[in-house]
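Chemist: To start, I am sharing the structure in question, which I have written as structure tokens.
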Amino acid sequence: MTGRPDGGAAPGGRRRIVVLDYGSGNLRSAERALAAAGADVVVTGDLAAAADADGLVVPGVGAFAACVAGIEAIGAGPVIAGRVAAGRPVLGICVGMQILFESGDEHGVVTKGLGLLPGSVTRLAAARLPHMGWNTVQAPVGSVLFAGLPADSRFYFVHSYAVGDAAALTASGARVTTAHHDCDFVAAVERGALSAAQFHPEKSAETGAALLRNWLATVPAGD
Amino acid sequence: MTVAVRVIPCLDVDAGRVVKGVNFLDLRDAGDPVELAAAYDRAGADELTFLDVTASSSDRGTMLDVVRRTAESVFIPLTVGGGVRTVADVDTLLRAGADKIGVNTAAIARPELLAEIAERFGRQVLVLSLDVRRAPAGTTASGFEVTTHGGRRGTGLDAVEWARRGAELGAGEILLNSMDADGTKAGFDLELIGAVRRVVDVPVVASGGAGAAAHFPPAIGAGADAVLAASVFHFGELTVAEVKDVLRGAGHPVR
């Protein structure tokens, strides 16, 4: 623990990022993409390191319930919540985004999420699932994550579940980016220190790298 | 907008080297899968598939190293298939940096493998790969059968029914390779694509037969979500951009 005050940004410094390892896959891709975007990256399940990092990335693939169980198994929920409450950046990716919401409904089994964002994750009402491939998004005015990216930019999605009803999320003050696959759903969220993407920026080539750089720019560099 | 049609180059890798020669300019080492992967990424490929054709199990570690090195520098989805027999094989490849795993022969022998993989890692990582040929008259209901050994050995398994069952068991994508069309450069097997499209709701990747840019839009029209090809790209007969231009011209969304 450094006891570093928030906002003590050193713009030229390399951000120390922890990719949280709680048994979910895709860690290496996230690690390498963040490193390529200019961060010092450590993949670990160590909670002190996760609390102390300049920025925390919560990845996740597979089932909502399995990811929540993985987070609970290492006791990471309070660390994630504590960071967000203290205004210290967290980025959730794919199921790592989904578990930030109140609940996930898979095959009729409802699992409680971390509840940091209002809304529930449900099966997409789409003819073709998983929603797999490169899709466009609709980012709101003022988005930091999508700043400077052309409106027709495509990101790589692979998922069957998402937050479909964004009303509560929008009402909570979040900037909500949506995408469309037979139905509209939440593709990204920005609210205070909490950012999240349903797609995989770490697999979205240069477009994803630009988004990761945008996120890293919101992370104050430690001393 | 809607999700883009994916264009996927496929590389056959043997003992850490690309086989079925590759003829590209501006490469230091055209046999290095990592360098080729980066070249296809620069060329606009939406995804890459490595097919491990290594016969010897002692060379499997080499493939893992290839996957690791690719994942370090290429930030588009990577599917790895060939020789995957167990849940542990899948785990090892995912940890090395693969995003999706293709399963073929092992699932024919033991279909429950598909459910085991999907349960552990989610269906989005699992691609069921089928090598399909037209069956002798009256042997399968659909007229198509699954083969092994590069199309030489028939299994008697109805290919359309196997695709349906595979998706039901947990495959998140179907890679449909027509052994009849493969190598002909006469176009994809549209009848096969349509028959499988009608029975599964997961994405279908069409493979086998691509010889000209004009062959790609009909595969999408027949129901494929993605198109995979090897030699036309490797030998520089077509670029990914040319294929995308023709797809776009036919009204299909591309990246």
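Backbone N, Cα and C define each Cβ position, glycine as well.
According to TrEMBL, the protein carries these features:
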ACT_SITE  A:Cys94  active site, nucleophile
ACT_SITE  A:His200  active site
ACT_SITE  A:Glu202  active site
DOMAIN    A:18-216  domain 'Glutamine amidotransferase'
Chemist: Can you tell me how far the Cα of A:Glu202 (active site) sits from the Cα of the residue listed as 'active site, nucleophile', in Å?
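Modeler: It is 11 Å, counting Cα to Cα.
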Chemist: To the nearest whole angstrom, what is the C-alpha distance linking the residue listed as 'active site, nucleophile' and A:His200 (active site)?
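Modeler: Given the Cα positions, the residue listed as 'active site, nucleophile' is 7 Å from A:His200 (active site).
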Chemist: Within 10 Å of the Cβ of A:Glu202 (active site), how many other Cβ atoms can be counted across all chains shown?
Modeler: 31
Chemist: Including all protein chains displayed, how many Cβ atoms other than that of A:His200 (active site) lie within 10 Å of its Cβ?
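Modeler: Its Cβ shell of radius 10 Å holds 25 other Cβ atoms.
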Chemist: Can you tell me the three-state DSSP label for A:His200 (active site)?
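Modeler: Assignment for A:His200 (active site) reads coil.
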